[in-house]
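Reviewing the structure listed below.
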């Protein structure tokens, strides 16, 4: 499955996981959206139903700083916008924070959800904390894997209710 990176050059180059994916030939740099655009502001959620699109046209990650990105920037990118369901960062900067994943964590999660588990694990192996991310989210990733959008939304709703203590 092709992975593309749009790099806004707003991250510390030494910590930029998108550039690492490109450097190690796990992703290709692009200036335009291709296929599925991972967009944290999207109402639609990535699911197994998106696998055909991802296989044909790839997945695009927008590599930017969480502190300097906006919904408007994502809206300008053409493609099929999807967000990831609730997952927790395993990276040292945002460890344990829901939804605040690094680019490489977003790629790993996307591949896992689309049932490309071997490829997800292969990419997790290129960073020290890749397996931390997988272990931290193992139960969630397995529950999202191979599921439809509605099934994932229901699982996510249940997880959020447990976290905030709603009945």
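Positions of Cβ are set from backbone N, Cα and C atoms, glycine also.
Residue 103 (S-adenosyl-L-methionine binding site) falls within a helical segment according to DSSP. What Swiss-Prot lists as S-adenosyl-L-methionine binding site is 17, 62, 84, 99, 103.
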Neighbour tally for residue 103 (S-adenosyl-L-methionine binding site), based on other Cβ positions within 10 Å of its Cβ: 24
